[in-house]
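Only one structure is covered here, and it is reproduced in the block below.
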Amino acid sequence: MIRSHAHVIRAALLFRLRGEQEIVLGPSATPSTATGDYAIGLEELASMTRDHNISSLQHCGGVKGLSKMLKTNLATGIVGDENDLIKRMNTFGANRYPQKNGRSFLRFLWEAWQDLTLIILIVAAIASLGLGIKTEGLSRGWYDGASISFAVMLVIIVTAVSDYRQSLQFQNLNKEKQNIQLEVMRGGRIMKISIFDIVVGDVVPLRIGDQVPADGILITGHSLAIDESSMTGESKIVHKDQNAPFLMSGCKVADGIGTMLVTGVGINTEWGLLMASISEDTGEETPLQVRLNGLATFIGIVGLAVALSVLAILLGRYFTGNTKNPDGSVQFIKGETTVSKAVDGVIKIITIAVTIVVVAVPEGLPLAVTLTLAYSMRKMMADKALVRRLSACETMGSSTTICSDKTGTLTLNQMTVVEAYVGKQKINPPDDPSQLQSQAGLLCEGIAQNTTGNVFVPKDGGDVEISGSPTEKAILSWAVKLGMDFDDLRAESKILHVFPFNSEKKRGGVAIQTADSIVHIHWKGAAEMVLASCTGFLDSNGSLQSIDKEMDYFKVAIDDMAACSLRCVAIAYRPYELDKVPTNEESLGKWVLPEDELVLLAIVGIKDPCRPGVKDAVKVCTAAGVKVRMVTGDNIQTAKAIALECGILSSGADAKEPNIIEGKVFRAYSEKEREIIAKKITVMGRSSPNDKLLLVQALRKGGEVVAVTGDGTNDAPALHEADIGLSMGIQGTEVAKESSDIVILDDNFASVVKVVRWGRSVYANIQKFIQFQLTVNVGALVINVVAAISSGDVPLNTVQLLWINLIMDTLGALALATEPPTDHLMHRTPVGRREPLITNIMWRNLLIQALYQIAVLLVLNFRGLSILHLNQDDTIVKNTMIFNAFVLCQVFNEFNARKPDEINVFKGVTQNRLFMGIVGFTVILQIILIEFTGDFTTTVRLNWKQWLICVAIGTVRGTFPI
């Protein structure tokens, strides 16, 4: 059904593109059998791949005949110069597809205004506008209604802009996620390019965990298995060989290795068509957002209850004749007041109640979390961390333990062979070819054939280019220095079968047939494991010797290298009878390579130095209450040495069970025992991916919040199981990246620690805003309620409350949500899963600060005239000072909220220019509001003494901690 749907979309897209004269085929291409310089056309090629048409492929002469039609050399790839690439793109299309447009800004505006609170406010604005014009005339009556409308528009625009920017940010992140880097063979050399630069005719090597980058046909493969569930909807793993050679773009390599010839790219693939028809959902709501929405709802309900109470009180006072005009006259007299005037009075009271609801409902909470998450995601990208799932931002701040890989994360992943034993002889220096005797031929043969890497020797005599994994590159570089001719050795023998490197068995093997029909099976892998399968070794004369008496010698050599933090790899082989090799392809594909009675050829020690700054990063984690655990497939001695070097183990005395443990020992424990042991483990050596999964499960059951790093396909279960999965951007496979929450782009452990800082910053910024928000909520509600109950009027009118709402919700959220992380965050313990959002310290600050402003402003409300030596007619001056003092209290409250648990709230404030700008902007607007818009805000100008009193009230309020 998916494929049929894709074909319909493809037909529609091609029809539309032809109509717009933007056909992917290019202006010169036509869907005939031959296209320009190529002997096969786009439609025929696409049809063959789409329908998996074996007969069409055979008609073309198989993959070899097809490669000639596409002018591709199966051994060296396409020429790959600029002209060649342009010609292929014009003829067969580029590996891109039309992107579905995201939601427009107008759509976000439409969604923003549908908030229930805003709808209530819009109704209030219309009612207020009509009432004002009716009672006070057009010249002054529009103030309240216009101010409410302005506030509504501002909230809608700010919300829409914030959501729209976040949507654009997600689109950019999605582009980054889709821009996969992969290897192709061009001009005889392996090079890394973007998936978008793949062209028809490219030869692409495939390994476990890779994503098939385009539609294609298998050239060669060994145990190649493809997970086609993303295209077929079936979870069955499909084995690929010459009988089933077609590969579909977007599928994952589940096992084995191979090479493919690209035959379809972009919208000429089923994957491209599907991707063109869907857009990624970016509406994820994080756990913190859910909690904040719950808190906002609760506060809103409380505010609604208070507003209804005020409404009831004001209506009661109005209809009982206790509400008076500024001149002292009673507003409602039973039997005398007209229905029209009574309705006007009731609408005024309802407007006050609605405005209280608006101030009480904290629209700023969702806005604050959106802003801080968007800000953190952008900054984390600059710190080499690509966030795939929003919830990971905040969860990372709660992590109590990090289970880290060793290679490439704690180390540089720049490997070189620094020690080597060939036979029983130690080669010193390790790359001196003169010290090798008759073992050199077999050794170089095994290295050249049993590898997924490549050696390219430029014809112009330039530097040799070596590609592959870091371990493969190190061994190939060593062999090249010993005189290995990679291309000649590969040409002299034929590969019969390959057993790709397996992280469970820690080894990989290959069976080859030499020119004189002799079969050799070469193995390479973890030194002590390969050594255990050896029964002999070749001495310096090339004679086979029994290994029994020398086994201890080789074990000591491995331990000595491991103690120097070297990765130990053994290379061995065994001869095999040709007549025992399966002859048909099906039997050969299922053949299990013999791994006993091996002959040891060499043991090499590979140095991978610790990353600079890792020791400091581990110290920061320890100080922050986050335990770092190393989980590696390396020898336990190597793991111990690196752990000591990185500071994960503080001393050699710590290097004993269960602090340091082997994977096989850990997995042998029962589930309950693993749960107890897991908390004590600091280093796990010789671990399989399943051991890592068991460790994560045991730690999570013990209440830990676990972050896990991983790069291999087999790490996917552990990455998925962990609270936060961190995949590696450079060495990580596509399967690992898709199972992770965050991609560490530089594979550096120090970047993992930065993610922890940002995670804590998200949580801290939200708490800052909550304290700020609730202080204002409590103050505004209590002042208005007490004043309404006692006098029948409120000191803060509609326009003033809406201005406070603007400071509180919009500018406050922007100022506090973008506070950068500080070192102080990493001196706290992690935030627990169920720890309340409002801590005891926050409650203390909130209550003391709210009580202060309530007390001062109520004193001003009830005794302000006498204290300020004002006349009875100067009530508007008193109310202006209450409003001004209240706003200045909130301005200084922003400084308090920056550092809820510190004494000096001004520390580092000048480093946050946005915060200072918002505070300055708020103060300037307040001055303009008081001094120049008196008619609009029902305020009067204040003299310098009155301004000084307001500033003093706000300053005292803002400097409580100091």
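Heads up, residue numbers simply count up from 1 along the chain you see.
Here the Cβ of each residue, glycine as well, is placed from N, Cα and C on the backbone.
Note that this is a predicted model, so its numbers are computed, not measured.
The domain 'Cation-transporting P-type ATPase N-terminal' (59-128) scores a mean pLDDT of 85 in the predicted structure. Per TrEMBL, the feature domain 'Cation-transporting P-type ATPase N-terminal' maps to 59-128.
Per TrEMBL, the feature transmembrane segment maps to 112-133 (among others).
What TrEMBL lists as transmembrane segment is 145-164 (among others). Counting only same-chain residues 6+ beyond the ends of the transmembrane segment (145-164), those with a CB under 8 A from a CB of the stretch are 103, 105, 108-109, 111-113, 115, 118, 121-122, 124-133, 355, 358, 363, 367, 370-371, 374, 798-799, 802-803, 805-806, 809-810, 936-937.
Summarising the annotation, TrEMBL assigns domain 'P-type ATPase A' to 181-277.
What TrEMBL records for 295-319 (among others) is transmembrane segment.
Within the same chain, residues 115, 117, 120-121, 124, 127-128, 131, 144, 148, 151, 155, 158-159, 162-163, 165-166, 169, 286, 288-289, 292-293, 295-296, 299-300, 302-304, 306-308, 310-311, 314-315, 318, 390, 393-394, 761-762, 765-766, 769-770, 773-774, 776-777, 780-781, 784, 788, 794, 797-798, 801-802, 804-805, 808-810, 812-814, 816-818 sit at least 6 positions outside the transmembrane segment (349-375) and bring their C-beta atoms closer than 8 Å to a C-beta of that stretch. Residues annotated as transmembrane segment in TrEMBL: 349-375 (among others).
According to TrEMBL, the feature domain 'Cation-transporting P-type ATPase C-terminal' maps to 794-955.
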In the same chain, which residue numbers or ranges, 6 or more beyond the ends of the transmembrane segment (112-133), come under 8 angstroms Cβ to Cβ?
140-146, 148-149, 151-152, 155-157, 159-160, 163, 300, 344, 347-348, 350-351, 354-355, 357-358, 361, 363, 798
Given a Cβ distance threshold of under 8 angstroms, which distant residues of the chain, six or more beyond its ends, lie next to the transmembrane segment (295-319)?
117, 331-332, 334, 345-346, 349-350, 352-354, 356-357, 359-363, 365-366, 770, 774, 777, 781, 784-785, 788-789, 792, 794, 837
